[in-house]
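Undergrad: Before we start, here is the structure in question, set down as structure tokens.
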Amino acid sequence: MDRVFINLHLVSMVDKQQTGSDGYQVLKDTMIGVRNGKVEYVGEPCPSILHGHPDIIDCAHALVTPGFIDCHTHLIFAGNRANEFEQRLLGIPYEEIAKQGGGILSTVHATREASEDELYHLAVQRLEGLKRDGVTTIEIKSGYGLTLDDEIKMLKVAKRISELPDMKVSTTLLAAHAVPPEYKNRSDEYIDLICESIIPQVVKLNLANHVDVFCEGIGFSPKQCERVFRAALNHGLRIKGHTEQLSNLEGSALAASMGADSVDHIEYLDENGVKALATNNTVATLLPGAFYYLKESKLPPIPLLRQYKIPMAIATDFNPGTSPIASLRTIMNMACTLFKLTPEESLRGVTCHAAQALGLQHFRGKIAVGMEADFAIWQLESPAELSYRLGVPDLIARVVDGEIFHEK
């Protein structure tokens with residue numbers, strides 16, 4: 001054993017059939033043993049695992065959870081859209097701002113102008129808030145380049161971030177985020193570029209784990225999204241989708257039928273769409289930050305998701321326009337207060353279900369033997385406090401592959 005954590009109160013998030021507990025129950029006076037970055041022992045204090053003089057970390061009865069996973073972010077961009085925030089407060093709809101060249105295309109212009117190094121330094125600064133909230137894995141999308149070179153530039157930045165010792169990264173190609181201005185009224189030709197040039201080159205450079213699309217009236221049609229999904233799958237990439245955020249185009253059912261790991265936003269998802277998620281074991285990712293910033297009133301169908309036992313993930317959707325929130329714990333609180341999730345559902349949403357949304361459920365999101373040793377150590381008494389309390393520095397340390405990182 002390389003390192004042993006003792007005197008901790010564990011919230012493992014491991015399934016009940018595997019442990020006899022529900023994963024949310026606090027297991028007091030627990031010990032975790034780590035070897036080569038993996039969990040090798042979890043359980044009651046066991047003197048025998050202290051043989052060999054491992055590094056012993058006394059957690060002093062702190063609460064330990066899996067490291068948090070922010071499974072949907074747009075972390076890499078230049079500029080900001082505070083002016084659009086003001087416009088929306090004056091009553092101008094998001095769709096109208098987008099049609100006038102604002103929205104995503106505003107950020108596209110700024111991001112195209114920025115160098116790779118500039119984008120990297122901006123993104124690393126934004127990570128700090130997420131680290132303080134216990135995040136050990138982050139998903140990062142492209143989607144503000146919308147050309148071959150600029151999408152690759154963004155994904156190269158994400159790859160550089162993945163080389164940091166204290167943050168794991170899952171990368172997503174989101175070239176189908178918006179129609180770039182040079183392809184106005186020629187969106188099918190832009191889809192050709194994505195399928196025939198961008199996806200093959202991204203695969204050649206090994207820059208992405210997933211391909212995502214924005215299936216919406218101001219984005220791309222289900223038929224266009226299906227083409228992108230098929231090209232991604234043909235090149236060995238996994239898929240996910242921004243679906244049913246502003247209307248119901250049945251994009252969630254399409255994505256699920258093609259094997260998507262998750263569909264995200266889903267405010268307008270109906271029962272047929274929920275059934276498709278259940279049939280295909282697709283995660284529903286809730287993004288209350290965007291719901292809040294856009295002052296939406298249409299709630300995701302939480303009762304239906306519960307009825308059909310759909311795993312619900314939660315993410316920041318961190319982006320400059322509709323969710324500039326670099327705090328996953330704030331999002332957990334919003335999921336409870338706005339979407340009426342329980343604190344347990346909220347915690348599952350940023351651990352085991354977030355891992356599943358990225359296809360990482362066999363490696364992260366739980367504290368169990370064989371899983372990667374990623375967890376967060378909190379000065380808290382109960383897991384409900386993670387959703388309940390905001391703005392208090394409760395995090396003692398993050399552990400990534402067994403290595404300890406104390407936050408400032």
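Cβ coordinates are placed from backbone N, Cα and C, and glycine is handled just like the others.
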Undergrad: Can you pick which of HIS235, HIS242, HIS406 Swiss-Prot lists for the same Zn(2+) site as HIS72, HIS74, ASP317?
TA: HIS242
Undergrad: The 4-imidazolone-5-propanoate site in Swiss-Prot lists ARG81, TYR144, HIS177, GLN245. Which one of THR322, THR330, THR337 belongs there according to the record?
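TA: That 4-imidazolone-5-propanoate site, as Swiss-Prot gives it, pairs ARG81, TYR144, HIS177, GLN245 with THR322.
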Undergrad: Can you tell which of HIS177, HIS242 has the least company, meaning the fewest other C-beta atoms within 10 angstroms of its C-beta, among these binding-site residues?
TA: HIS177
Undergrad: Only counting partners 6 or more residues apart, tell me which same-chain residues put their Cβ under 8 Å from the Cβ of THR322 (4-imidazolone-5-propanoate binding site).
TA: TYR94, GLY289, ALA290, TYR293, LEU294
Undergrad: Taking the recorded Fe(3+) site as HIS72, HIS74, HIS242, ASP317, identify the other residues of that chain whose CB atom sits within 8 Å of the mean position of the site's CB atoms, giving them in sequence order.
TA: THR73, LYS141, ASP264, HIS265, LEU287, ALA290, ALA315, PHE318, ASN319, SER323
Undergrad: About how far apart, in whole Å, are the alpha carbons (Cα) of HIS242 (Zn(2+) binding site) and HIS177 (4-imidazolone-5-propanoate binding site)?
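TA: HIS242 (Zn(2+) binding site) to HIS177 (4-imidazolone-5-propanoate binding site), Cα-Cα distance: 9 Å.
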Undergrad: Where the record says TYR144, ASN319, GLY321 bind N-formimidoyl-L-glutamate, what is the longest distance in Å from one Cα to another among those residues?
TA: 12
Undergrad: Taking Cα atoms as reference points, which of the binding-site residues HIS72, HIS74, GLY321 is nearest to ARG81 (4-imidazolone-5-propanoate binding site)?
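TA: In terms of Cα distance, ARG81 (4-imidazolone-5-propanoate binding site) lies closest to GLY321.
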Undergrad: Please give me the binding-site residues out of HIS72, HIS74, ASP317, GLY321 that lie within 10 Å of TYR144 (4-imidazolone-5-propanoate binding site), comparing Cα atoms only.
TA: HIS74
